[in-house]
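Accompanying notes for the structure given below.
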Amino acid sequence: LLQDAHNSSVLNNDVLGAFLQSRHVARLSRPVKIQFWHDKVLDTSNATCVFWQPGAGAGSTGSWSREGCKTTHREGTVICHCDHLSYFAVLLLPAGTLSPAQLASLTHISTIGCSLSAAAILCTLLLCCFSSTPCPPPSCRQRLRDNTTRIHMHLLAALLLLNCSFLLSTPLATGAEGLCQVTAALLHASLLCALAWMAAEAFHLLLLLVKVYNVYIQHYLLKLCLFAWGLPTLAVAAAFVFKGDTYGYHTISTSEGYRNATIVPSARCWLTSPPAHYTTLCYAGLILLFNMLVLGRVAMILRRIQRQKGQARKDWATVLGLTCLLGTTWGLAFFRFGTFLIPQVYLFTILNSLQGLFICLWYATVHRRSKQGSVSNTSR
């Protein structure tokens, strides 16, 4: 009883029950006043008066709800004004928890952004695979040997898998547990692979701009594939086989509790293990740190050669845009604190859900520019 599977963080573990014998009391004109004393620093954003709402079905125990209760704060005291009698408590929520309206808007933004990115990536991959543009045999062979284009295609494939698995993670959260676990593992693997291919892009960029001459890596693309596809997939498969409870239903908390789950999608298939979550953050942090170091190095090189070449600005904008799209926007995940939480979440959602679309537009622009350059050289 009174054990909420979603969030059972109750202030001082104090629960107060008030009832009248053989009578249900609700919708009082003068609310009941309940006081909870504490020695913590609390405010309305992370301490809310709630009551226990029993579950409707036989297998449902119930959950905490704030309906009909208002919360006020005094020094060392949380005062609850509720228009009914029940079990009462003060539920502690993480500071800056999203409201149901914010969660709904973020859900719509991510769904639209990931759908646009998936469609753009799929079109780009199909055009690259089934392009009917004729070219002389030497030119075709040169394009096949172009590792830069191949790395771009691998990154787009990883992002396509990431977007599709993310879009499936919410609707499948209401289905069978086994299917949800598989979807969560697929989402985790695609995220790790996408981040790994971002690191591969940064590494390849570093080779192109810093180590231009006398660099030969045998089976270069194969080694990148083993790093970016093989290692993340192997890690996720091992976690799924030996510790299946790592993946499952992940509930998103809101400032209104969990009673709006039917209106706002508050669960998806994702990681349920805190150690796996923190390990993923460390993995992403290391990749982002590497990408930022490469970005700084590239900026220094381009600044040095900017005075020598008239087109250095175009090259700088191209490389800087690619590196930013493949790394820096994910760094917003590490700025979730204080007043920056809500703007950061919206900015993170918009930029990263549309990342695939941005990369496709960038690739089309660069490809068109290089094609125009080749045609100009041929005419000369």
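Don't overthink the numbers, they just go from 1 along the chain as shown.
Each residue, glycine too, has its Cβ placed from N, Cα and C.
Because TrEMBL annotations are produced automatically, they should be read as predictions rather than curated entries.
Source: prediction; values computed, not measured.
The domain 'GAIN-B' annotation in TrEMBL covers 1-98.
For 106-367, the entry in TrEMBL reads domain 'G-protein coupled receptors family 2 profile 2'. If you average pLDDT over the domain 'G-protein coupled receptors family 2 profile 2' (106-367) in this model, you get 82.
The feature transmembrane segment is assigned by TrEMBL to 109-130 (among others).
Feature annotation from TrEMBL assigns transmembrane segment to 151-173 (among others). Sequence-distant contacts of the transmembrane segment (151-173) (same chain, at least 6 residues past either end, Cβ-Cβ under 8 Å): 107, 110-111, 114-115, 117-118, 121-122, 124-125, 128, 179-180, 183-184, 186-187, 190-191, 193-194, 196-198, 200-201, 204, 221, 224-225, 228-229, 249-250, 265, 267-270, 326, 353, 355-356, 359-360, 363.
Annotation comment: TrEMBL describes 185-209 (among others) as transmembrane segment.
Annotated transmembrane segment per TrEMBL: 221-242 (among others), in sequence order.
Annotation comment: TrEMBL describes 276-295 (among others) as transmembrane segment.
What TrEMBL lists as transmembrane segment is 316-335 (among others).
The annotation transmembrane segment is assigned in TrEMBL to 341-364 (among others).
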Residue numbers, six or more beyond the limits of the transmembrane segment (221-242), whose CB comes under 8 Å of its CB atoms: 147, 150-151, 154, 158, 181, 185, 188-189, 192-193, 196-197, 199-200, 203-204, 276
